[in-house]
Amino acid sequence: MSLQMVPTISNASLLQPGFSLLNFDGHVLFFGQKGWPKRSCPTGVFLLDIKQNELKMKPAFFSKDSCYLPPLRYPALCTLRSDAKADEYQYIIHGGKTPNNDLSDKIYFMSLVNKTSKKMTFQCIEKDLGGDVPEARYGHTINVVHSRGKSMSVLFGGRSYTPLAQRTTEKWNSVVDCLPSVFLIDFEFGCCTSYILPELQDGLSFHVSIARDDTIYILGGHSLQNNTRSPNLYKLKIDLPLGSPAVTCTILPGGISVSSAIVTQVSDTEFVLVGGYHSDNQKRLVCNTIVLEDSKIEIVESVSPEWTPDIKHCRTWFGCDMGKGSVLLGIPGANKQLIPDANYFYILRCKGAEEDKEEESITQICSQTSSEDPGDSTAFEDSEEFCFSAEANSFDVDDADTYNEDDEEDESETGYWITCCASCNIDINTWVPFYSTELNKPAMILCSSGAGHWVHAQCMDLSETMLLRLSEANVKYFCNTHVDLNKGLQTPQKVVCLKKQPMKPLRKKKTMKLSTSTKKSFLRRLFE
């Protein structure tokens, strides 16, 4: 094993505990930043690129038919292949915490749909599930098993917020262990089924799970209810016949009491267990090798790297698997760095020296500038690279496309993140898509008042139907501020007066005049 320090230069505060790394064909993507995405990377997904001894982060691009993927921390993710030996795969992402500390119960599929020399395009699709749908959670695991030519996903563990009926003012956002149920998810039909197994008594979170064929091994994990780290090693076997699936659990000897450990795969049957905690105040500095062969598991202690004094003496650490037998580790920077919330980072390579050199040479070839037609390799738009220096000489490559932030237009004044009106509530740090047509920028519409200016459709209280009509119709639009002023400046239309026919005068009714003698005669007859 070899440990390489990666001293941070800037913007390292985005990498906080709970982030995830995805590996597509040797290209590593960072997912789950701290806070909502900003102008530099509206999608919140970054491509890690190693050039000229620096680890840079470039924004990843998504296709137009992709759904919005929020930055989720502590989600469960795994790769999904059509079969166990297929080369193409996609990532399954479930649950996690949003920057608002809300828990997600949604499940996403992320895949690579297009790749050129300078640009990779991804697709993200949200899946709808039915049946026993798992509740929103974080700190859990998801794996894919293959049995009898079929594939299913298995979800287990995690934590969730206390149910609303049980919350109190003092402990409103307290978390509890999820029930120790095993969920089988069939993505072909979009249905979930939960299983309660007698061997699984306590809920576990931040455990380790490794899948091979039709078997999943669950190692360690923390239980909030008992405040313990499970020493058990569980073996879940999933059989997928033509009828109902069969799920069995066996407790095996040789488990490890650990939580928040990281597993990286170094060969087809060999894995390395790194990091984690023995207890709340004790890190686990021992590494283990896990070998899976013939439905058996073997866990042995391996030679640990030479941990630096900073790693040995820090109270907490975190990280994630980079793929190809490498792990990115982080420790708090404490008061040693001027940037708040900044951390120190290390890359731990768990392969042998010869395999490391071979992998590094491949990395060099993949990182070099290609001679393809520049028309097929559009430069990154709105990119802002976050740099991390690396000391390894193996990553020396030519950097022909160095990004210069000074060349980028300041969108805070002229772009999508302007203050369009006095009641504008669009904030670059907290904005989330409002319309279905939005992906990484708010929808805007041109006000035709004067020289014209852009306003946010959401601030104008436009419905999605009205916004689509205005975008399709060739009409002028005036914002809420100028709509009344525009009406006052318009020349009033000439009103055509209708001619009224004169009414005929009413004729007076004729009255009869009676003589005095006639009146007396009438009264005399009336009283007789």
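Even glycines carry a Cβ here, placed using N, Cα and C.
Remember, TrEMBL labels are computer predictions, not curated facts.
Residues or ranges marked as Zn(2+) binding site by TrEMBL: Cys420, Cys424, Cys447, His453, His456, Cys459, Cys479, His482. Counting every protein chain shown, the Cβ of His453 (Zn(2+) binding site) has 16 other Cβ atoms within 10 Å.
For 415-492, the entry in TrEMBL reads domain 'Recombination activating protein 2 PHD'.
For the Zn(2+) site, the Cβ centre of Cys420, Cys424, Cys447, His453, His456, Cys459, Cys479, His482 serves as reference, and the other residues of the chain with Cβ at most 8 Å from it are Cys421, Ile445, Trp454, Val455, Met460, Asn480, Thr481. Summary for the binding-site residues Cys420, Cys459, Cys479: the Cβ-based neighbour count within 10 Å is maximal at Cys420. Averaged across the domain 'Recombination activating protein 2 PHD' (415-492), the predicted model reaches a pLDDT of 78. When other Cβ atoms within 10 Å of the Cβ of Cys424 (Zn(2+) binding site) are tallied across all protein chains shown, the result is 15.
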